[in-house]
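> Dropping a structure here in structure tokens format, bear with me for questions.
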Amino acid sequence: MLMYENNQHELFNVTPALLQVLDTNLAVIAISNAFLQATMKERNAVINQNIFDAFPINPDDKSADGEKNIRASFDHVLKNKVTDILPVQKYDIKKPERDGGGFEVKYWKVTHSPVLAGDGSVKYIIQHAEDITENQELIQSVEKLKKNNEQLKESYDFSEAIISSIHETLLILNKDFQVKSASKSYHKKFLSTKKQVKGKSLFELGDGMWNNPKLRDLFNSILTDNSNFNDFEIKLEFPSIGEKIMVLNASRIIKKKQGKELILFTIKDITEVRRMGFELQLKEKKVLQEQIEAEKETLKKLEDSEKRYNMMLMESPFAISILKGKDMVITLANDSIKEMWGKGNDIEGRKFLDLLPELKEQQFPALLDKVYTTGIPFYGSELLAPIYRNGKLMQEYFNFVYQPYHEADNTISGVTIIAYDVTTHVIAKNELIRSKINADQKTLLAEEAVKSKQQFLSNMSHEIRTPMNAIIGFTNVVLKTNLDNSQREYISAIKESGDALITLINDILDIAKVDAGKMTFEKVPFSLSNSIATMLQLFEPKMHEKNIELHHQYDPAIPLYLLGDPMRLRQIILNLMSNAVKFTSKGKITISLTLLKEDAEKATIEFLITDTGIGIPKTRLHDVFNNFEQAAAGTTSSFGGTGLGLAIVKQLVELQGGTILVNSELGQGSSFGFILSFEKNKQEDETAASKPNENTFAEAAETETVKNLKVLVVEDIALNQLLIKIILLDFGYDVAIANNGQIAIENLRENNYDIILMDLQMPVMNGFEATAYIRNTMKNNVPIIALTADVTTVDVEKCRAVGMNDYVSKPIDEKDLYTKINKCLSKEI
């Protein structure tokens, strides 16, 4: 026993299985934590105790014969020296006094396996138990329901008063499937009244949702074949109560006195059971993960132990093997893993993939190599793998861990495999919750795909915006200098191309946000008339250049101030106006806003932009709202664009509950518009609404609050440092530069700054880490504005979470930067 304790104590402590080891006197000499947890016992109350003293029977349960059967099994193992698998046993567990005492009902599946000494005698008995109480209670509930149904069929007197008072959800139908009676439970569950149900065909109820072809066939078979149907599972979507998963039973009953044929139809709602089943699966996985984490220290000790070949390890029900070197040569394999692989006993010294060539094309070799090269363990839960059983290749489910094998000097020389067959558990679980698991797997795959796409777009945004920040920024700087006409034309062309590229990136990110379900909308007061006027000013130079007239019609009945998202409204109208200007070479463009409906709370407005441009064929009208779609193949080469603008417009409108309008005639022009509802701003005052900035950018630079500021710029790229410094010096600020977050913290310890501009991705210490340190460790509340080339929702939320006051996206817009600096400082003041 001492040898056992020295070598195997830790292994039994952390195994996820319910295991205990007994000597031939049935005294417990080792027990797993999982067994103690399942039986609510403390280790010191069990070790060295007779198993039946440690786990006394329930004296109040005279019908239980668990103790007798387990004693008989022990006798059988000791006498015949073979493993004994018992049928399901009821053996209640005594609860601790702190939990109220008494006994808790438990059902178990138990296996007893002998461990033989060198002389062939039994030295130990390993007891492996599996708690199946929940499954057994479910089976008993189903059997009880069936028994109740049979009793109802034999003795029910069809009294309306009795039927209506039954708690079970049931209907009595005649042979034409019309409802003769319904229980109160039915009316309560399906939100119906007696008048709405009685006399109606079953297939009319629930707005026709019961009119299911398979269900009709089952009911018809009851009458034609004089049979019944049991445990028919179905999922239906009811308008009044939503989606329900139900188990249905129906039996044909002949009412002897009246000679009538009736059908007893019972309904069991298992929607919550399915949900709880999935939650249980998640909890089980979490528990397994925690147990595997606890095994790390134990595995490290076992890997370097010279006594790893002792009998208990080799006879373990867990499949254990140690693979050494890059070629994964098998240096240790216990009996369980040899049985699992089915390659005989002489496998030590062979390469893993030479022994198991069937695994070469699967994920396991790559996983082993990753653990070997990185030192990071891999945990597999319920993975399907090919194994040999009785000479036949089969697919079995396993929980396993690949753990790096460390030598005494802590170098990694191989990988340890520990596996456990959970095929029976997985099959049983899948039978109970198969439909739920399939749905969750599809959802998980879809979410992972969306996350991958979001991460890719985030990375591409950062990689493109970083150089574009320097290109567009220095272009703006050069445009402020004295240039001749040709130079100004060339530089302007560079700026226009850069702006177009940034617009494309923003469009793609917006599409990604919509796809990921992360597009959000503000609800702030704003003046619609001011917003429209400001937007139209942007198009006046281009329309003047193309000699196009601009007409606008604004309904005076529209409320002065509304609640909504002016930035997204601006994005929608700018896209529609840009298309109108782009595709119109002569004539006019008309924008009209009309109040369609108004009440005390909301105003519904129609926005319509009509042009005299090239028009769109009728057959292509709806295609232009798809991503990367344009009206014709040559549109891009003739007019430019990516085909994303209208796709974004449609999704932004519909996400706000609006409707897209479109009408066009080829060669005559097009009308694009939308209808949106806005909440009314009850304050109806200008101070509550956002208004166009009446001061120009140049005028704002002269205000009192922006002079003599001391700014710390934290940025690792030299070009960006130079650009931001030029911009800030132009504002009249004092500028200090730090190459990373760590240097910024050192500067902040020695100097006071009015505001910090913080890049996010930097070596040594990034912007998130630096901000968290400034806020949490230094307790400094200096305003911090993030400089980010990644403007996805995730990055913006992370900026706010670590304590940043605001953010400016790259390429940096000077006016936006200046405005946000003033905004942060005004809050400080």
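Cβ atoms here come from the backbone N, Cα and C positions, even for glycine.
Unlike curated records, TrEMBL annotations are generated automatically.
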> Need the matching range: TrEMBL marks coiled coil on one of 68-102, 173-207, 278-312, and I'd like to know which.
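Spelled out, TrEMBL records coiled coil over residues 278-312, not the other listed ranges.
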> Using TrEMBL as the reference, determine which range in 135-162, 331-358, 611-638 is annotated coiled coil.
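Based on what TrEMBL states, coiled coil spans 135-162.
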> Enter the number of other CB atoms within 10 angstroms of the CB of D759 (4-aspartylphosphate).
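Neighbour count, Cβ to Cβ under the 10 Å cut-off: 27.
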> What is the pLDDT of the coiled coil (135-162) when averaged and given as a whole number?
58
